[in-house]
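Chemist: Below: one structure in structure tokens.
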Amino acid sequence: MMHLINSKVLALLSALMLGGLFCYIFQSYRLAADVIPESHEFYLLAPEHQQYEQPSILHGRTDVVTVTPWLAPVVWEGTFNPVLLDSIYKVKNITVTATVFAVGKYIMFLKNFLETAEQHFFVGFKVHIYVFTDRSNEVPQVRMATGRQLTVRSVPSSKRWQEISARRMELIQTLIEEQLPNHNDYIFCLDVDSKFHGRWGSESLGALVAVTHPGYYRDPRSRFPYERRPASKAYMASGEGDFYYCGGAFGGLLQEVHHLAKTCRSNFEADTQEGIEAAWQEESHLNRYMWINKPSKVLSPEYLWQDFKPKNPEVHIIRFSGVVKNYAEIRPNT
Ligand code: UDP
Ligand code: MN
């Protein structure tokens, strides 16, 4: 009996040792092979021999929150190394698409938007700007650097600004379906009545990217102008909501933004069927969407300020900002 147990224990022990040895060999083989992964798609691959300031997990911005409760980074000046990030994303050879709508009198904002985008928006990257307008012949000629291009798409004009603003989701959805077949490129959808003042680059890239609204980022959620009627598909109950996000800037991977645009469009249309229009049109639907589908990266209000707002101390740089405009003069309706 004793002898039997001993040989069983011995067999078990040898099996364990062999297993351990196998794991050890296999693991070191796997590690060696993984140092440089074969597919670059989802890796942040840094070029070798790059020198930059040592990162710290003890010291950094203390005046702002730089990570959400679901552990998405919140991008503020001073939280990232632009040179390092650019070198990581350059090798991926990505194209960054931007959509901008200039319908009716809003065409007047396009020149400044495009000229300042040349100076600040993904400089050094492949950029493709799609302008949606009903005034193609008034699209300004702006010199674009190599690797950057502009495409004009005609859209019908409208008698209601709410409709122009809200139809953007539908047009973004169809643009992605028709022009930008499924691959891992990025898109940002931006308001035209704005200008770039500082770098907006690879630090903003993520699967689903939202910008916190400059008007509400210091407020309790009870003051957020969410849609509050339960009848709307954009409904947000009291006690719900993380941040109030801008309708004037959002983005991410093509497939993610496609899903967002498609969902917001169909919810907006379902509301219309019920005779309801959300408080802030597509912005309300976007906020509802981001409440359920948490953004993987949140951009601070540096990424969409408003020119009339004095700069707050936590805002060290304004990258993109809405110009002051006379609504009565430029909108087709009040
Ligand atoms: N827009 C447009 N023509 C209009 C109204 C709106 O092209 O008559 C587009 C434009 O891109 C604009 C966006 O819809 O930036 C959102 O509207 P707006 O900027 O007026 O909204 P706000 O930022 O003032 O909330
Ligand atoms: Mn705007």
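Including glycine, each Cβ sits where the backbone N, Cα and C put it.
Below are the features listed in TrEMBL for this protein:
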type     : residues                                               : note
ACT_SITE : Glu283                                                 : active site, nucleophile
BINDING  : Phe101, Ala102, Val103, Tyr106, Asp191, Val192, Asp193 : UDP-N-acetyl-alpha-D-galactosamine binding site
BINDING  : Asp191, Asp193                                         : Mn(2+) binding site
Chemist: Using the centroid of the Cβ atoms of Phe101, Ala102, Val103, Tyr106, Asp191, Val192, Asp193 as reference, list every other same-chain residue with Cβ within 8 Å of it (recorded UDP-N-acetyl-alpha-D-galactosamine site), in sequence order.
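Modeler: Going along the sequence, the neighbours come out as Val100, Ile107, Phe109, Leu110.
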Chemist: Please identify which of Ala102, Val103, Val192 has the densest Cβ environment, defined as other Cβ atoms within 10 Å, among these binding-site residues.
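Modeler: Counting every other Cβ within 10 Å of each candidate, the maximum falls on Ala102.
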Chemist: Suppose we screen the binding-site residues Asp191, Val192, Asp193 by Cβ distance to ligand 2 with a cut-off under 6 Å; which survive, in sequence order?
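Modeler: With ligand 2 as the reference and 6 Å as the Cβ limit, the list reads Asp191, Asp193.
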Chemist: Helix, strand or coil: which one is the residue listed as 'active site, nucleophile' in, per DSSP?
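Modeler: For the residue listed as 'active site, nucleophile' - judged by DSSP and reduced to three states - the answer is helix.
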Chemist: Listed recorded positions: Phe101, Val103, Asp193, Glu283. Which have a CB under 6 angstroms from an atom of ligand 1?
Modeler: Phe101, Val103, Asp193
Chemist: Taking only the Cα atoms, work out how far Asp191 (UDP-N-acetyl-alpha-D-galactosamine binding site) lies from the residue listed as 'active site, nucleophile', in Å, as a whole number.
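Modeler: Rounded to a whole number, the Cα-Cα distance is 12 Å.
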Chemist: Any same-chain residues 6+ apart from Glu283 (active site, nucleophile) with CB under 8 Å of its CB? Would you list them in sequence order, or say none?
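Modeler: Sequence-distant Cβ neighbours: Tyr245, Cys246, Gly247, Gly248.
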Chemist: Just going by other Cβ atoms within 10 Å, which of the binding-site residues Phe101, Tyr106 has the emptiest spot?
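Modeler: Across Phe101, Tyr106, these binding-site residues, the one with fewest Cβ atoms within 10 Å is Tyr106.
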Chemist: Can you give me the same-chain residues 6 or more apart in sequence from Asp193 (UDP-N-acetyl-alpha-D-galactosamine binding site) with a CB-CB distance under 8 Å?
Modeler: Tyr106, Phe109, Gly322, Val323, Lys325
Chemist: What does DSSP call Val103 (UDP-N-acetyl-alpha-D-galactosamine binding site) in the simple three-state scheme?
Modeler: coil
